[in-house]
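J.: Feature list, courtesy of TrEMBL:
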type	residues	note
COMPBIAS	84-93	compositional bias 'Acidic residues'
COMPBIAS	482-495	compositional bias 'Acidic residues'
COMPBIAS	496-511	compositional bias 'Polar residues'
REGION	79-102	region 'Disordered'
REGION	481-516	region 'Disordered'
TRANSMEM	47-70	transmembrane segment
TRANSMEM	107-130	transmembrane segment
TRANSMEM	273-294	transmembrane segment
TRANSMEM	301-320	transmembrane segment
TRANSMEM	451-472	transmembrane segment
Amino acid sequence: MAAMTTVPSYTPSLWVRVCHALPRLDLTMQMRDNIFVPDSWEYQQTLLVLSSLSAIALVISLLVVLSFLIHYCCCHRGDRSEGSDEEEEDEDGSTGHGYSGKKGRGICCVTWVAVAAVTLCCVAIGIGFYGNSEANDGMYQLTSSLLTANYTLASIDLLISDTIAGLQLSISGPLTTMEELFTGSKPFLVSTRNCRRLSENVMNLLSSISLARSSIGAGLGNDSSISGASIIPLTPVPPSVAPTVVPTSSLIPSPFSPGWAANTLMVNEDYRWLSYVLLLLLDLIVCLFILLGLAKQARWLLILMTVLAWLALFLSWGSLGLETATVVALSDFCSDPNTFVLNSTNFNTGTSSDVLDYYLTCSRRMNSPFQQLLTQSQRALSNIHTHLSSLDRNALPQFPKAEKSLREVQQILNSTEGNFHQLVALLNCRGLNKDYIDSLKGLCYDGMEGLLYLSLYSFLSALAFTAILCSLPGAWRSFPSESEEYEDSDSESEDPFTSHQARRQTASGSQRGAMAPFYNYPGAGWTPPFSSAPPLP
């Protein structure tokens, strides 16, 4: 006994269950659990409330940055006047750069805060690149599965159209010729008419398959186009060369067509991926140039990076709000996707929900809704083949002119049977259900994980830029002013061979009084002892 193949199944991931279990409140403050109605205004209000939380966080971060700006602009203005009285004492214990110990500790604190914030921003950027890649992989898997499903549906459409076109061609051509030839023989005429009746029965049965109903109706109404059609058995090509555009005969209403959805998602995903890459590169450039501005103490570079940091802060909180709403909506969909697809799909006339439920679940206990139609069609084709074999044995010896028409009908019947076997295989639920499960895994596993990582990136980058904007005023205050740099350059250009300590002692000596001349050493007042030698002239 052959081993039974397992049908793939989908179960919501842990993150989907956690995000779906979180309570959400709409504007009427009513709990909304286990409901996913994206077209509902109440549900859209719920998403707007969730996304507005990031706006509240943005206002809080702006207030924090504003408080730090007020602190550095107003509070430290009085510190400068108080610190001018202590400059003499601070200069004695200053370092080689001329900064005091207290001021040096402040500069060190500001530097370390800026470095820690930039490091956090770089970690967030790494998380963002990983999340963007995961989301892109999930969308790629989703679009690939949708294109494969679209090709399967297009193949079913073409197979049914070719089968009906071949049967219509046999009815209007060789079978009509055979009826004219067998006018004098009643048994042969009855067999020919039975072939016509069975062919029409097969056409009616295949036309009742709703997956390709619209195109079949168009084909049946246009006999002139069918009369010149050539029946060639359709061999499906690999999904890599599957058509990415839905045929003119729509299989499903256009808003729910897999090909239309795949093309729309691919375009939107390209823009989304590129936008996040540009945002990540902007954050990375801002962080690197902020470090460069702190190291070089370049005020113009720090001003430019401050403006870009404000822009990055707004973009981070904005992207966090959009990602939060998307994660919530996606978790609601992925918790029970079958129910949403069944409730939101517009069926064609005469199509029941059992057809879609059969392909979504693909349970062993469910029978194909097309099983009865396919069985009756198979029996009708077998009966047609039996009648043609009987005519081949009995009618051709008496009516040799009917051989050409009979061979044409047999050839069309062979092509029709080949298409019919392929149609039976494609109408099985395993192929379409596998594409459906793969699309759900790509969207609800990789896509959901990527969105969560992107949300974490947006939150961490927003915190990092808030800390950076709070620390930049302190870094600005620690930079030496132009007057200080000019005085240092003038004092050092006086005597390049005089050390900094000697210049300081010189300056302090000038304050106490005039310095003694260099020849006024301790032994300058010493007189030599008495000598017997006569004095020199």
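Quick reminder: no glycine exception, Cβ is built from N, Cα and C everywhere.
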J.: Hey, which bits of the same chain come close to the transmembrane segment (273-294), Cβ under 8 Å, at least six residues off its ends?
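T.: Beyond its ends, the transmembrane segment (273-294) has Cβ neighbours at 111, 114-115, 118, 121-122, 124-125, 128-129, 132, 135-136, 301-302, 304-305, 308-309, 311-312, 315-316, 319, 454, 457, 461, 464-465, 468, 472, 475.
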J.: Using Cβ atoms and a strict cutoff of less than 8 Å, what residues sit near the transmembrane segment (301-320) while being 6 or more residues removed from its termini?
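T.: Beyond its ends, the transmembrane segment (301-320) has Cβ neighbours at 54-55, 57-58, 61, 276, 279, 282-283, 285-286, 289-290, 292-294, 454-455, 458-459, 461-462, 465-466, 468-469, 472, 475-476.
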J.: Residues sitting near the transmembrane segment (47-70): Cβ under 8 Å, six or more positions beyond its termini, same chain?
T.: 24-27, 313-314, 317-318, 320-322, 324-325, 328-329, 462, 466, 469-470, 473
